[in-house]
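Heads up: the structure comes next, in C-alpha cells.
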Amino acid sequence: MLSASVPNDTAFHPSTFILLGIPGMQDQHVWIAIPFCSMYVLALVGNGTILYIIMTDRALHEPMYLFLCLLSITDLILCTTTLPKMLTIFWLRSHIISYHGCLTQMFFVHTFFSTESSVLLAMAFDRYVAVCRPLHYTSILNAMVIAKIGLACVVRGLIFVFPFVILIERLPFCGHHIIPHTYCEHMGIAKLACASIKPNTIYGLTVALSVTGMDLVLIAISYGLILQAVLRLPSKDAQFRAFSTCGAHICVILVFYIPAFFSFFVHRFGHQVPPRVHIILANLYLLVPPVLNPLVYGINTKQIRLRIVSFFMRRR
C-alpha cells in the first residue's frame, strides 16, 4: 500500500507527500504514460526547434518572434516541471516527493502558468499593434520595450505566486499526506491541512480571477479589435488568411485557459466532478499548449516554416 511507505510524521510539516497519480486509474498508469510521454517529446522537439531557428537567424529578431521565443521557453519550463515526475509515478511507481520538493514544484507550476498567460497577452498586443497600428509598430515595440515586457511577465508571476508558498507554510499537516494528483499544486496541498484554508481559497480565487482572468479579457479585446480591422480589408483572400490565423490562435488560447479555470473552480466548488476527470484536465493545460504552440505560432508562420525546411535540406 502507498500509505505504508509514508513515515508516521506528526510534525507541523510532513517530511514527504505521496502523489497518487490519477485516482481510480492506477492500473492504467503504464498505458496512460505513453501518450503523455509522446506529447512531452513533441513539446521538447517543437519548442527547441523554434528557439534554435529564431536565436540563430538575426532576420527573425523581431518583436513577434522574440515573444514566440519567450513563449517557447515558458512552455519548456512548464511541462518539464511536471512531466518527468509524472512519468516516474506512472512507470516506476515513484510516488513519494519531499515536502520542499512539492512546494518547489507548486511554485514553478503556478509561476510559469502566470508567466505564459502574460506572454499570450503580450503576443495578442503585438498582433494588435501590427494589424491596427502598422506604421507605429517598430516605434511602439522596440527592443527596450520588448525586454521590459518580458521581464514584467516573469516578475508578475513571481510576485503573485510567492504568497502561495507563505500560505502553505503557515498550515499544519496532521493527517494523511496523500495528494490525489500527478503533481503538486496549491489547493491540492492546502486541502491536506488540519486548519482553516479560507485564506488560501480566497487568495487563489483572487489571483485566478483578477490576474489570469484579466489577461483573458484583454486578449479577447485585442483579438476583437484585430478582427474588426480585418473586416475592413478589401481583399476576401486577405480576410480569409487573417481569420484562419486568428482562429488558430484563439483555439490554442482556449485550450490553455478553459482546463485551467476548470481545475481552479473544481478545487473550490466542483465536489461532484469525478477526480479522474479533474486530474486529466489539470494535466492538459500544462501539456497540450506546449505541443500546439510551436505548430500554431511557429511552423504555421511562413518565415519560420521556410527556415525549418531550409535547415533540414542542408542536413541531407
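Keep in mind that glycine also has a Cβ here, set from the backbone N, Cα and C atoms.
Not measured: the values here are computed from a predicted model.
Annotation source TrEMBL lists domain 'G-protein coupled receptors family 1 profile' at 46-297. Per TrEMBL, transmembrane segment is recorded for 30-53, 65-87, 107-125, 145-168, 202-230, 242-265, 277-297.
Only residues 6 or more beyond the boundaries of the transmembrane segment (30-53), in the same chain, are considered here, and those with a CB under 8 A from a CB of the stretch are 22, 60, 68-69, 72-73, 75-76, 79, 83, 86-87, 90-91, 283, 287-288, 290-291, 293-295, 298-299, 304, 307-308, 311. Note on the transmembrane segment (65-87): residues 19, 21, 33, 36-37, 40, 43-44, 47-48, 50-51, 54-55, 94, 97, 105, 108-109, 112-113, 115-116, 119-120, 122-123, 126, 146, 149-150, 153, 182-183, 283, 286-287, 289-290, 293-294, 297-298, 303-304 of its chain, located 6 or more positions outside it, place their CB under 8 angstroms from a CB of the stretch. Across 107-125, 145-168, 202-230, 242-265, the stretch most heavily in contact with the transmembrane segment (277-297), judged by Cβ pairs under 8 Å, is 242-265. Below 8 angstroms of C-beta separation, residues 113-114, 117-118, 120-121, 124-125, 127-128, 131-132, 156, 160-161, 163-164, 167, 186-187, 238-239, 242-243, 246, 249-250, 253, 257, 260-261, 264, 267-268 of the same chain, each at least six residues beyond the ends of the transmembrane segment (202-230), sit close to that stretch. Averaged across the domain 'G-protein coupled receptors family 1 profile' (46-297), pLDDT in this predicted model comes to 90.
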